[in-house]
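Listed in TrEMBL for this protein:
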- S42: active site, nucleophile (ACT_SITE)
- D183: active site, proton acceptor (ACT_SITE)
- 6-196: domain 'PNPLA' (DOMAIN)
- 10-15: motif 'GXGXXG' (MOTIF)
- 40-44: motif 'GXSXG' (MOTIF)
Amino acid sequence: MSFNMISFDGGGIRGLISAVIIKKLDEKYHILNKTNAFIGTSTGGILAIALANEIPISKIIESYTDNASIIFMPNNKFSAEGLIPENILSLFHSKYTHVGMKKIFNRFFGEKKLSESKKIIIVNTAQLLNTTKQGWEPVILSNCVDNIYKNIKMIDAALATAAAPTYFPPYRIDENNLGYCVDGGVFANNPTTIAISEIISQQLVSSLSELCVLSIGTGYKATGIPLIEMSNPLNVGANFWLLPHIHKGQKNIAPFSILQLILDTSSEIVTKQGSQLLKDNFKRVNPTLSKDIQLDDWHSINLILTETDNYLLSQEWEEVCNWVQDRWK
């Protein structure tokens, strides 16, 4: 009998892709009841906590499709009546507040603690100041027996792992003297290998061969920086990475591309590591998207659903289904 883990990447509103994929797999193979641990970063962390807490996947999907405008509640300071471009304002204020997210998560989790879940939960966040080390620190929030954060509230863990820099403000957790935290995607947008380490260190399995991991991404659009934009690397400064359209009008590079670079490359290296460690007991699911969809682009929900439906008709999806049917027992 294998120890089954589902790992969810971060990706903002594109977490809807992960939720729909899980819904389809659960309808066919009842995988949620057969899963031992739910792992996640950012929107994936929210999914992990919700599924471990036995929130129906249909309700989770509804939270994306029906409540996105509540979750992405604008920061009032960010709306300057159109006088200042959004990309400039984002240098001084977070784009959204926690208010809407908190309202939704309170319905899901109430005052429950991570330790109250019957399933293993592993989510990550970045602590902005560890008082012992006097520096920032990657933190694993889990209900594993020896994890010091097991009694943190689910709502706090969800808000901390989803506090994406520039999008949402840092989130404060008073328990365990954690203080302000931000999105775990800054160091592990794909949390698979972090979870493997936690499971092994907690001695929940005796060897890697017992682990079976389904790693689910939030969709991927190949992104890069054209050679022509790098004609003079010495001119690549902060404005190139943050506001490229201002830096000599580069229109082929998305705003805040440094964040996307960190998220994409960290996810891909973990995919390679997971495959190397677990061989055939690791499966990556990450649909290719026809266009880039930003983390907060909830207006593209219909496109997200269409892209996911197209993936569910692909040969790659058939291979995923065969893999799950063969291993999730």
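Cβ atoms here come from the backbone N, Cα and C positions, even for glycine.
Distance between Cα atoms for D183 (active site, proton acceptor) and S42 (active site, nucleophile): 6 Å, as a whole number. For the domain 'PNPLA' (6-196), the predicted model reports an average pLDDT of 90.
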